[in-house]
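Q: I have a structure here, written as structure tokens, and I will follow up with some questions on it.
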Amino acid sequence: MNNLWEIEKKILEKTTLSNLIGKLISIKPKGKSFWALCPFHDDKNASLSISDQKAMFSCFSCNVRGGLFVFYSKFLNKSYVEVANMLAKEFDLDFHFDQQEKEKYNENEQLFIDVTSIANHYFKVSLKSQVHSNSKLVDFLKSRGISRETASEFEIGYDDGNFWKIPNKEKKNFSFFLSNNLIVKKETNQYYDFFYKRVVFPIHNSFGDVVGFSGRALDENNIKYLNSPESLVFKKHKILYNWAKAKEKAIQEKKLYITEGFMDTIALYKIGIKNAIAIMGTNLSNEQLELIPKDIELIFFLDGDQAGKNAVYNILKKIIKMRSKISVIENDSKQDPDELLKQKGANFLKELIEKNKKPAIDYLYEFLLTSKYNINNSEHLISFVNDFAPLLSSQNNIVIDKYENLLMKHSINIRKFLTYQNQKYDRINQYNSLQQRFYEEPKQKKKANSREEILKKQYQNLYVKLLLSLLNSNALLEYFLRHNIEERIIFEQTNNGQESKLKDILRKIIKIQKEKKSETTIEDLPLEDQEILRWYLQKDSWFKSDYAKEGDLDLLANQISESYLEYEKSQKISKTLEMPSLDEEKQKILKRVILQRRSKND
């Protein structure tokens with residue numbers, strides 16, 4: 001049997017979709033369906049529905065839906081073929097899809113995989129043979145606690161300097177050994193090993209194939225680590241060290257320990273923690289994060305020095321709104337996990353992990369107060385709240401209440417920075433900050449829908465229509481410049497609030513057009529200006545219509561001026577807004593033009 005959908009059907013004849021999904025997440029029956037918290041987004045309301053009758057699942061919040069293989073593939077980060085093989089084995093079904101499985105790589109990628117596989121085998125054999133005669137290597141392995149078992153488990157090898165002799169230089173794929181930096185060509189046309197006299201750690205991708213290496217120098221006087229360059233198959237920001245081996249255990253325990261380096265991950269393995277990976281640095285990329293199922297708790301255990309603490313802070317700040325289960329092992333020792341194991345022993349390391357684990361939000365709070373801000377300083381206090389409030393907004397009400405009470409001691413009302421009834425701070429704040437760019441807050445209270453406000457928004461809308469029209473038609477923009485229409489718009493003279501921002505956008509459009517001398521689009525503007533215009537586009541579908549005639553542009557300019565004059569009249573009773581500083585003579589001329597236009601229309 002080699003048909004994916006046929007094997008899925010056979011599996012569901014032996015069990016139900018809810019039974020299989022229930023092995024991965026907690027589900028509850030309700031009516032004819034089962035319901036669960038959706039693992040594919042930060043779900044709080046059990047939005048995932050599972051129907052055995054239809055053999056389908058569906059989330060009503062994030063709209064992900066599909067059958068058995070879709071769920072398992074997304075949840076386990078496996079291909080359909082991998083899922084089919086796994087479940088077929090579990091239900092004792094005959095399934096062979098080897099040819100399709102090989103198609104995960106194209107021809108060139110497969111050559112890279114083959115080359116790194118050859119190198120990996122050579123390095124492993126070399127290590128085994130060298131430990132009997134190479135005292136420097138033996139001393140290094142002992143000092144790092146790398147036993148025969150550890151070397152075998154993590155496929156650690158050694159480059160004795162003779163690997164360059166293995167590939168046949170006449171063969172076609174020899175160039176792949178060079179491009180992989182396994183072999184380097186000297187100016188004298190001689191070859192040598194890139195990882196010469198180094199202990200080599202293979203780096204596997206999610207499929208378990210070796211895609212690159214990191215070589216550790218035995219001599220401390222040399223560069224400590226040399227890494228494979230990025231290639232067709234090796235992209236460092238898309239790979240987690242040891243993920244291929246750790247993911248099954250991580251999925252079972254719903255936990256994943258995240259370290260900086262190879263030896264830290266190996267140290268945790270030695271004390272029985274097999275669900276650990278290394279990010280190979282101090283940054284966790286979005287691509288790396290996407291490899292890990294969302295229901296798995298991320299437990300960060302980075303180096304204890306200030307650089308390590310800064311790294312944890314930066315990572316948490318980035319991902320705290322993406323994941324609901326994040327913890328940190330607080331490490332105050334200024335050492336990494338590997339050093340702690342060597343110097344303090346396994347029991348100390350286990351106890352540290354057990355006792356010093358804390359929620360990410362607690363770590364962030366303490367980090368801000370100990371490493372960045374002095375809460376007793378008023379300026380620091382404002383900066384602290386601005387930094388901490390968005391992080392706290394992703395938490396539930398219990399956590400928010402805890403910090404509300406804690407910060408009240410410092411006269412900080414954190415609720416003022418969060419949304420009502422536990423809505424997400426970032427969403428409402430993004431909306432409010434955008435609103436503030438458009439409309440200046442009045443200096444005194446006004447009725448919500450006062451005539452003044454209505455007129456103000458009306459001429460702003462007209463002005464935005466002008467800007468979008470100029471962006472939508474290069475011919476109109478040229479007409480606008482040629483006939484000096486800008487000079488006829490009263491609204492352009494003001495310097496208040498959003499009017500000033502829109503005026504600046506118009507000037508940028510004109511400047512871009514003169515410099516570019518080609519079609520000007522909204523994408524040519526700075527991001528902030530694009531955001532303002534797109535906000536209006538979302539508000540009113542009328543903006544999406546282009547002006548087709550030049551006469552419309554003249555009419556629009558007059559409409560803007562008329563609208564502004566109407567608004568100007570409504571302002572006279574208010575002391576909060578100032579009259580625009582217009583030359584008296586110019587005002588008379590402009591008003592005369594408008595009156596003439598009105599009489600023609602009548």
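Positions of Cβ are set from backbone N, Cα and C atoms, glycine also.
On a predicted model such as this, the values are computed, not experimentally measured, just so you know.
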Q: What range among 13-37, 38-62, 163-187 does Swiss-Prot record as zinc finger?
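A: From Swiss-Prot, the annotated zinc finger range turns out to be 38-62.
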Q: Take the C-alpha atoms of Glu260 (Mg(2+) 1 binding site) and Asp305 (Mg(2+) 2 binding site) and report the distance between them in angstrom, rounded.
A: 12
Q: Please determine which of the binding-site residues listed here (Glu260, Asp303, Asp305) has the lowest count of neighbouring CB atoms within 10 Å.
A: Asp305
Q: Looking only at the zinc finger (38-62), what is the mean pLDDT?
A: 87
Q: For the zinc finger (38-62), DSSP counts of helix, strand and coil?
A: 0 helix, 8 strand, 17 coil
